[in-house]
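S.K.: Questions regarding the structure given below will be posed in turn.
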């Protein structure tokens with residue numbers, strides 16, 4: 001059955017692009033699942049680690065090129081660096097207040113890493129690192145654990161007051177407190193799944209539509225559709241990085257601001 005489908009040009013495997021593979025593997029098998037994709041250990045260098053390293057190098061290049069020759073009349077690289085700096089700095093200050101600005105370096109690093117991971121995944125033959133929960137979950141957990149620790153460090157036991165809705169009638173406050181606690185611990189789940197799900201869905205759709213390009217009759221339509229979706233995915237890549245970052249700022253505000261509702 002698989003052979004017949006392949007001859008029709010419709011053998012589409014949109015999820016193969018998300019398979020984690022070892023970069024150094026001796027097998028010559030072309031099967032989707034072989035020893036290059038199984039028995040992967042923490043010390044193995046995979047396509048995920050390679051593209052995360054590339055993202056870090058891109059971020060470093062942007063910042064180094066944008067700041068090495070600062071001038072009153074900025075160059076293009078300096079303009080890009082200043083635009084990113086001003087955009088994230090204003091976001092942090094507006095959402096978290098003046099007290100949260102001291103955490104701006106972490107927020108900007110997080111934004112640039114997610115943005116580069118999203119955008120690099122649109123390149124041909126690349127790998128979208130932010131489509132994997134193995135990447136987005138640690139990012140979300142770092143935010144969750146860091147914000148929680150910071151909240152207790154700055155407010156002590158008073159940080160728990162954020163779960164007690166004083167504006168609600170006393171009779172329903174215990175129920176609301178349970179809901180608030182549950183929603184708080186669900187934060188890293190929604191924070192990570194939102195990013196990974198959006199990036200995976202968009203790339204899978206592109207792969208499915210591109211699979212029909214072999215049909216000559218509809219190929220012009222397919223090329224146009226893929227181009228349009230690529231443009232949309234570029235927008236989604238930026239928006240998802242923004243959403244991930246602004247949610248981080250919102251969570252940070254709970255820790256550095258007033259814990260009361």
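Glycine is no exception: its Cβ is also placed from the backbone N, Cα and C atoms.
Sharing the features that Swiss-Prot gives for it:
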type	residues	note
TRANSMEM	45-65	transmembrane segment
TRANSMEM	107-127	transmembrane segment
TRANSMEM	133-153	transmembrane segment
TRANSMEM	162-182	transmembrane segment
TRANSMEM	209-229	transmembrane segment
TRANSMEM	232-252	transmembrane segment
S.K.: Looking only at residues six or more beyond either end of the transmembrane segment (45-65), which have a C-beta under 8 A from one in the stretch?
M.R.: 20-24, 77, 80-81, 84, 109, 112-113, 116-117, 120-121, 126-129, 132, 134-135
S.K.: Considering only Cβ pairs within less than 8 angstroms, which of the stretches 107-127, 133-153, 162-182 has the most against the transmembrane segment (232-252)?
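M.R.: Comparing 107-127, 133-153, 162-182 against the transmembrane segment (232-252), the winner is 107-127.
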